[in-house]
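Input: a single structure, listed below in structure tokens.
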Amino acid sequence: MLFKRKNKLSKWKSFLRYVWPEAGFKRANTYLFYRLVRLPGSTHSIAAGVASGAAVSWTPLWGLHFILAAALAYVLRGNIIASAFGTAVGNPWTFPAICALNYQIGLEILSLYGMTNWPAFSMEAVLEAPGDFFMPLMVGGVPSGIMIWFLFYGVMKLVLETHMEKRAERKALKEKQRNDQD
């Protein structure tokens with residue numbers, strides 16, 4: 001194999017490198033950013049794809065995030081690959097906060113309809129009866145996901161347009177320098 005390691009990493013070392021990148025999070029995020037901006041498509045399609053992935057990550061439908069993000073991106077004419085990048089919003093570090101927030105929002109919405117018999121949010125209660133937490137999480141996840149979609153779409157569209165403008169300026173400058181040399 002051309003790119004295989006000489007000394008294979010142990011499973012523990014592989015796991016640690018997955019959780020904590022060896023080159024650091026800044027480098028990993030920079031790499032992902034450049035992969036994202038180099039995707040084919042318009043700024044709308046990439047921004048809609050990322051926003052779709054981020055929005056779906058706010059639902060309690062774990063295990064279906066990639067499929068649902070791709071479907072939402074397809075419907076909104078977003079980039080399906082960018083939607084996979086967007087699902088990174090939901091990860092082991094953010095899921096506890098997302099779940100707690102969605103649960104509280106879901107309880108507030110359900111209480112407006114007279115549904116108030118829900119257990120308090122705690123790990124013990126979740127492990128004891130996980131089904132009791134799905135309805136408030138889902139009800140809270142939908143409006144949260146919609147807000148997150150608009151937030152991510154706006155930010156990503158702005159970032160992508162700015163990046164594309166700077167890229168076009170650099171390209172024009174190089175072309176001008178090349179023409180001046182001739």
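Note: Cβ is positioned from N, Cα and C throughout, glycine not excepted.
TrEMBL does not curate its annotations; it predicts them automatically.
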Pick from 15-35, 36-56: which range has transmembrane segment per TrEMBL?
36-56
I'd like to know if the transmembrane segment (36-56) touches the transmembrane segment (133-160) in this structure, counting it as a touch only when three or more C-beta pairs sit under 8 Å and are separated by 6 or more positions.
yes
What is the average pLDDT across the domain 'DUF2062' (27-168)?
92
